[in-house]
Amino acid sequence: MAHQQTQTQGAPSAASYNSTPEAEIPGTTKRTWYRTVFFQATVIGLCAFFAPGLYNAMQSTGAGGQQTPYLVMSANAVLGVMMVVTCSMGSVVANRIGLKNALVFGTTGYAIYSASLYTNNRYGNEWFVYVGSAACGITAGVFWAAEGAIMISYPEDHKRGRYLAYWLAYRNGGSIVGGAINLAF
């Protein structure tokens, strides 16, 4: 019995195998490029490029180019009223559902609005423009709260201005690209 105890005491335990850090195990590398502030700023920048950036480009053509002035003004009024309501509650919603989910939710309204402009151009559906404007107004307030919170809180203090400029370059780049496309046609 004493002989068995000395063998079990001298044998390495399973815990000692698991306590080895990953960096010391040959052949394994830790992938952290997607956890950097630069990558997160790029994702937020791309979301801002495709959502509000291209929305601004569509608005430059008279909200899709094929709408009557009455429809454009009333749809923008619906969008503005909804955005005022959700911008005041956007931080609460983003805090409740999390920044990632708020960002995803915030981008959906821009897609619905773009679809409404297409269907108005193609089939003359004016009611869908109002629905798209309301959806864009509701989700845009949450989107702006989420992207602002991410871009202000993620970077270090001494790099914050650089990352804000990087993000705003993407955001305004959507309008520039959309404007260039409008000029080309």
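A Cβ is built for glycine as well, from the same backbone N, Cα and C atoms used for every other residue.
Residues annotated as compositional bias 'Polar residues' in TrEMBL: 1-21.
According to TrEMBL, the feature region 'Disordered' maps to 1-23.
The annotation transmembrane segment is assigned in TrEMBL to 37-58 (among others).
The transmembrane segment annotation in TrEMBL covers 70-90 (among others). Sequence-distant contacts of the transmembrane segment (70-90) (same chain, at least 6 residues past either end, Cβ-Cβ under 8 Å): 62-63, 102, 113, 120, 126, 129-130, 132-134, 136-146.
Feature annotation from TrEMBL assigns transmembrane segment to 102-121 (among others).
Panel annotation: around the transmembrane segment (127-152), residues 40-41, 44, 47-48, 51-52, 55, 63, 67, 71, 74-76, 78-91, 93-94, 99, 102-103, 105-110, 112-117, 119-120, 160, 163-164, 167 of the same chain, lying at least six beyond its termini, place a Cβ under 8 Å from a Cβ of the stretch. Residues annotated as transmembrane segment in TrEMBL: 127-152 (among others).
Taking Cβ pairs closer than 8 Å, the transmembrane segment (37-58) reaches residues 64, 103, 106-107, 110, 113-114, 117, 136, 140, 143-144, 147, 150-151, 154-156, 159, 163, 166-167, 169-175, 177-179, 181-182 in its own chain, all 6 or more past its ends.
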